[in-house]
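Asks: What Swiss-Prot shows for this protein is this:
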BINDING   93, 97  substrate binding site
BINDING   101, 243, 295, 318, 348, 352, 354  heme binding site
């Protein structure tokens with residue numbers, strides 16, 4: 001008897017993250033503009049877009065699909081996490097978003113990526129050698145989690161001894177966006193984070209360095225009692241800490257079972273390491289760590305046969321769009337390291353395309369290159385992978401990893 005997957009959408013949990021793909025495919029095939037009406041709170045209804053063409057179009061149309069009310073399906077999100085008066089850059093629309101992004105981008109140049117790459121490689125090699133000497137271990141704890149924290153800290157100019165604070169802040173804020181979110185912990189985390197970075201901003205006024213905060217301070221943001229400017233820098237640090245860590249962890253951690261299951265694909269990369277940059281694009285497509293983010297409609301908009309009213313949340317399901325057979329062919333769900341996929345939505349698209357995409361790609365390329373060179377015959381205990389909670393970012397908390405040669 002063949003089972004039929006329901007095309008009802010459910011926000012993900014740690015229990016469902018291992019395999020959301022059948023639900024996504026059912027949505028794409030049967031209800032690509034899906035309307036979710038919570039039985040207990042029908043006024044909190046929202047829509048889910050699952051096909052690549054629809055998600056791509058919505059992501060680039062910031063005038064219709066606004067980020068200014070928040071990025072989850074929770075109405076009142078900014079109030080929930082204490083950022084109503086100081087929304088971060090990712091929760092702003094052009095032209096406000098555009099002007100600040102221009103200033104911030106000075107700290108995200110190709111030179112910055114090149115500068116940090118040797119440090120990334122050294123860190124990756126040290127951690128992999130430790131894992132290899134021990135015959136394996138939890139590769140997320142040892143490598144994939146601390147790696148992006150180190151890079152985010154580099155971009156923000158945070159001293160090494162303070163890096164570990166990032167994880168606690170991120171976990172508390174992500175928890176607040178669960179259905180029954182722990183908002184008190186999130187508010188405490190935001191308060192602690194803002195206090196820390198307020199001190200760092202003041203320090204950079206007298207001790208400038210080559211980092212994003214220093215560039216903003218040097219541009220005069222927050223100078224001479226400009227409280228709004230200082231708050232905008234703080235909101236930017238919020239975006240970096242909460243958004244810059246989990247995506248790289250999700251991609252690298254999510255890639256381990258994919259490569260474990262497909263030794264033929266791993267062998268292609270071992271035989272031709274020059275193909276690793278293209279493989280990174282394919283792994284970014286399939287893992288899609290940020291599985292979806294929401295927008296709010298500014299007007300009535302019709303997609304297919306469905307009209308979405310103004311003022312409704314719309315979840316752009318990047319993880320589904322990246323596996324859409326209409327875009328990537330009938331084998332879209334399969335790993336093909338030679339695919340060279342175009343127009344992936346892993347870093348979104350349009351005005352809100354991820355500012356740190358180049359740095360994320362570099363980390364993934366370096367980590368994958370060194371992993372395959374030093375541990376070519378690794379194994380992963382898939383049944384023991386533990387996934388993080390939260391409904392928007394798919395990342396493992398633990399991936400048991402064994403070196404077999």
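Every residue, even glycine, has its Cβ placed from backbone N, Cα and C.
Could you place these features in context, so I can see how deep they sit and what lies close by?
Replies: Counted within 10 Å of its Cβ, the other Cβ atoms near residue 97 (substrate binding site) come to 19, all protein chains included.
The secondary structure of residue 243 (heme binding site), as reduced to three states from DSSP, is helical.
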Asks: To the nearest Å, how far is the Cα of residue 97 (substrate binding site) from the Cα of residue 348 (heme binding site)?
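Replies: Rounded to a whole number, the Cα-Cα distance is 15 Å.
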Asks: In terms of DSSP three-state secondary structure, what is the assignment for residue 93 (substrate binding site)?
Replies: coil
Asks: Translate the DSSP assignment of residue 295 (heme binding site) into the three-state scheme.
Replies: strand
Asks: Consider the binding-site residues 243, 318, 352 and say which one has the Cα lying nearest the Cα of residue 93 (substrate binding site).
Replies: 352
Asks: Given the binding-site residues 101, 295, 352, which one has the fewest other C-beta atoms within 10 angstroms of its C-beta?
Replies: 101
